[in-house]
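Notes to accompany the following structure.
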Amino acid sequence: MKQPVRVAVTGAAGQIGYSLLFRIASGEMLGKDQPVILQLLEIPVEKAQQALKGVMMELDDCAFPLLAGMIGTDDPKVAFKDADYALLVGSRPRGPGMERADLLKVNGEIFIGQGQALNEVASRDVKVLVVGNPANTNAYIAMKSAPDLPAKNFTAMLRLDHNRALTQIAQKAGVAVADIEKLTVWGNHSPTMYADYRFATANGENLKDKINDAEWNKDVFLPTVGKRGAAIIEARGLSSAASAANAAIDHMRDWALGTNGKWVTMGIPSDGSYGIPEGVIYGVPVTCENGEYKRVEGLEIDEFSRERMDKTLQELEEERAAIADMLK
């Protein structure tokens with residue numbers, strides 16, 4: 001058996017946390033031979049701490065062979081101590097009458113604090129995934145608040161958009177999800193994201209040529225993927241928690257264990273390529289190997305794609321401007 005690794009999860013008693021923790025503890029994220037110690041953070045409110053205790057009782061009751069230990073806390077410095085992986089799931093949801101700018105600021109404070117705590121106590125190789133929305137900007141804030149950690153350690157979750165797009169394309173083209181390669185999602189995890197299947201293939205056949213429907217792409221596919229979260233809230237009365245947890249598992253598993261040359265989408269700090277300013281956390285196609293991600297380079301960007309990529313970049317720039325004074 002390998003040495004246990006430490007996995008920190010924030011918002012651990014929330015809806016996504018509840019869908020996530022049992023799968024991490026069963027080995028779905030890091031492999032069936034990798035023991036884990038779960039370090040679980042919840043807000044310092046009695047109700048949340050009680051709920052966390054209940055979740056930990058259930059985790060105990062599963063008797064997972066790979067669960068080597070657990071702590072529950074309201075202190076980020078305890079939760080992130082020596083963490084090898086950190087899934088930042090907890091964030092403040094948008095309340096009634098709350099402007100997006102207010103939401104950015106409230107979450108800004110949370111992610112400044114968490115970035116500072118990671119900077120102080122986490123493993124220097126910690127892999128950070130921000131799930132809590134607005135994910136890209138929250139990841140940017142955490143990254144900027146952790147100057148002693150490599151910027152590349154901070155990522156945002158675009159995998160839910162990626163997985164949503166996969167299924168829409170599979171259904172449209174009449175192919176199996178598992179057969180689709182080279183799909184990507186550019187930009188922000190928001191309705192402005194740009195899901196791009198120009199390079200996608202299934203069994204060697206180009207899917208753009210197979211689907212061959214620009215109207216469907218613009219008027220059906222992109223809006224369906226972009227507004228899927230809202231559609232689920234409307235149908236279920238609750239946000240998409242299980243599918244978000246599933247995407248987080250996919251993202252971290254691929255980063256840790258590799259993608260065998262397959263493209264996946266991750267929100268990562270830009271290196272200036274594809275016309276995205278350096279440092280902006282932006283969804284791009286990557287492959288993963290030996291615990292590192294590598295962006296897919298040199299893809300051609302056509303006029304429609306440039307327009308969509310710039311639109312989602314503009315939103316990210318606006319978000320960044322809204323919290324700029326907090327990072328001084």
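Counting starts with 1 at the first residue shown.
Yeah, the Cβs are placed from backbone N, Cα and C, and that goes for glycine too.
Positions annotated as NAD(+) binding site by Swiss-Prot: Gly11, Ala12, Ala13, Gly14, Gln15, Ile16, Gly17, Asn107, Gln114, Val131, Gly132, Asn133. Annotation source Swiss-Prot lists substrate binding site at Arg94, Arg100, Asn133, Arg164. If you look up Swiss-Prot, you'll see His189 marked as active site, proton acceptor.
Known features from Swiss-Prot, placed on the structure.
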{"residue": "Gly11", "record": "NAD(+) binding site", "contacts (Cβ under 8 Å, 6+ apart)": "Gly17, Leu41, Glu42, Leu88, Val89, Gly90, Ser91, Gly132"}
{"residue": "Ala13", "record": "NAD(+) binding site", "contacts (Cβ under 8 Å, 6+ apart)": "Leu40, Glu42, Ala48, Ala51, Leu52, Gly54, Val55"}
{"residue": "Gln15", "record": "NAD(+) binding site", "contacts (Cβ under 8 Å, 6+ apart)": "Leu238, Ser239, Ala241"}
{"residue": "Arg100", "record": "substrate binding site", "contacts (Cβ under 8 Å, 6+ apart)": "Arg94, Pro134, Ala322"}
{"residue": "Gln114", "record": "NAD(+) binding site", "contacts (Cβ under 8 Å, 6+ apart)": "Thr10, Pro76, Phe80, Leu88, Ala142, Ser145"}
{"residue": "Asn133", "record": "substrate binding site", "contacts (Cβ under 8 Å, 6+ apart)": "Ser91, Pro93, Asn107, His189"}
{"residue": "Arg164", "record": "substrate binding site", "contacts (Cβ under 8 Å, 6+ apart)": "Ala195, Thr224, Val225, Arg228, Ser243"}
Candidate with the highest Cβ count within 10 Å, taken from the recorded positions Arg94, His189:
His189
Let me know the largest Cα to Cα distance in Å among the substrate-binding residues Arg94, Arg100, Asn133, Arg164, as an integer.
24
In all the protein chains shown, the tally of other Cβ atoms within 10 Å of the Cβ of Gly132 (NAD(+) binding site) is 25
Counting across all protein chains, other CB atoms within 10 angstroms of the CB of Gly17 (NAD(+) binding site) number 25
Widest Cα pair spacing in Å over the listed NAD(+) contacts Gly11, Ala12, Ala13, Gly14, Gln15, Ile16, Gly17, Asn107, Gln114, Val131, Gly132, Asn133 is 20
